[in-house]
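> Take a look at the following structure, please.
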Amino acid sequence: MVQAPLSPSLLQTQSISQPPQETEALKAWLEELTQKIIEGDRINKSEALTLTQIEGQDSILLLCEAADRIRQACCGNVVDLCSIINIKSGNCSENCRFCSQSVYHPGENSPIYGLKSSEEILAQAKAAEAAGAKRFCLVSQGRGPKYQGAKSKEFEQILATVRQIAAETSIKPCCALGEVTPEQAQALREAGVTRYNHNLEASEGFYPEIVTSHSWRDRVETIKNLKAAGIQACSGGIMGMGETWEDRVDLALALRELGVESVPINLLNPREGTPLGDCHRLDPFEALKAIAIFRLILPQQILRYAGGREAIMGDLQSLGLKSGINAMLIGHYLTTLGQPPEKDLAMVESLGLQGGEAPIPGEYQTRS
């Protein structure tokens, strides 16, 4: 299938204006921009790039306050809680430079195992539900069911497991299996999958720097297949792989144009043995700035704290929830450990927020 191009503006380098430097002037400028967004206007690439020029902790915190106002106005105070399970790990055919599961550069402590049993997956779904998660995502290595054949036994087993989770729990099953055909997307929808994770990972321009075994356009095609089947798209990226601020803005704009509902923000926690294993870790305030800019570009989307938040943010994790974040992945990640769910829930409640299931774009205004 030949993919229609995204807006040409996403691929063009633009000159960058400077934001006001004096504190009160910056406050006034951000207030005007914030009100414009709350009233339903969308910022353009030029305005987003100007936001990237805000420097210094005090000024970044002003940007974070603006993002928090937008989050409150457009999404409310519910923090969406989800959990994941790595149902098949290691020996992945793809060469993603950040990932320790790739057969090209396996991480030293990355587990390798085949597809877990339905019983084991169901047990972990029930544990995630008991811990407070509202969604439970089945994540598998590999390029995807699209390349396993129309009668893949593995895909059929996953569909059966999804049906079992839907029947025996109240947690909502999600999947992240890689690329799918329109027919497979429909089968997932009929089994009970209402949201599917397939991260763009980076901007189209930067993508070849981190993956060459498949294209960015391949990922876009799968997102379109999912949405055509009536499945919500969960798609975001990773910060800290060497991308520029313009790359980050282009990623957010592409996600906006695709109409994704949920946007995971991963902060690279470099894995030893991978090509990005020696990457310099993001400064927490750079991460907060990126989160805030994503919120200004994506005012109604579910913006999710995902991998790397504990390692990168440390004691500043809670600031993310006051900088535009309104969702969290709780529990463990694919190949690294997370903090105890009860600690996450306590952090959410300490900020006057509540764990639950956040509204998708447009739903909060409807509820209100």
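Note: Cβ is positioned from N, Cα and C throughout, glycine not excepted.
Feature table excerpt (Swiss-Prot):
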BINDING   CYS92, CYS96, CYS99  [4Fe-4S] cluster binding site
BINDING   CYS137, CYS174, CYS234, ARG304  [2Fe-2S] cluster binding site
DOMAIN    74-309  domain 'Radical SAM core'
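I'm curious about the neighbourhood of these features; can you describe it?
Taking Cβ-Cβ distances under 8 Å and a sequence separation of 6 or more, the neighbours of CYS99 ([4Fe-4S] cluster binding site) in its chain are CYS92, ARG271, THR274.
DSSP assigns CYS174 ([2Fe-2S] cluster binding site) to a strand.
As a whole-number mean, the pLDDT of the domain 'Radical SAM core' (74-309) in this prediction is 95.
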> Measuring CB to CB from CYS174 ([2Fe-2S] cluster binding site), give everything in the same chain under 8 Å that is also at least six residues away in sequence.
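The list for CYS174 ([2Fe-2S] cluster binding site) reads CYS82, ARG135, PHE136, CYS137, LEU138, VAL193, THR194, ARG195, TYR196, ASN197, CYS234, given in order along the sequence.
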> Given a separation of at least six residues and a C-beta threshold under 8 Å, show me what packs close to CYS96 ([4Fe-4S] cluster binding site) in the same chain.
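Non-local contacts for CYS96 ([4Fe-4S] cluster binding site): SER102, GLU201, ILE210, VAL211, SER213.
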> Can you count the other CB atoms that lie within 10 A of the CB of CYS137 ([2Fe-2S] cluster binding site)?
25
> Per DSSP, to which secondary structure element type does CYS99 ([4Fe-4S] cluster binding site) belong, with helix, strand and coil as the options?
coil
> Cβ within 8 Å of the [4Fe-4S] cluster site's Cβ centroid: which residues qualify beyond CYS92, CYS96, CYS99?
GLU94, ASN95, PHE98, SER100, GLN101, SER102, GLN141
> Using other CB atoms within 10 angstroms as the count, which residue among the binding-site residues CYS92, CYS234 scores least?
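Checked CYS92, CYS234; of these binding-site residues, fewest Cβ neighbours within 10 Å: CYS92.
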> Determine which residues of the same chain, besides CYS137, CYS174, CYS234, ARG304, have their CB within 8 A of the center of the CB atoms at the recorded [2Fe-2S] cluster site, and list them by sequence.
CYS82, ILE84, ARG135, ALA176, ARG195, TYR196, ASN197, SER262, PRO264, LEU329
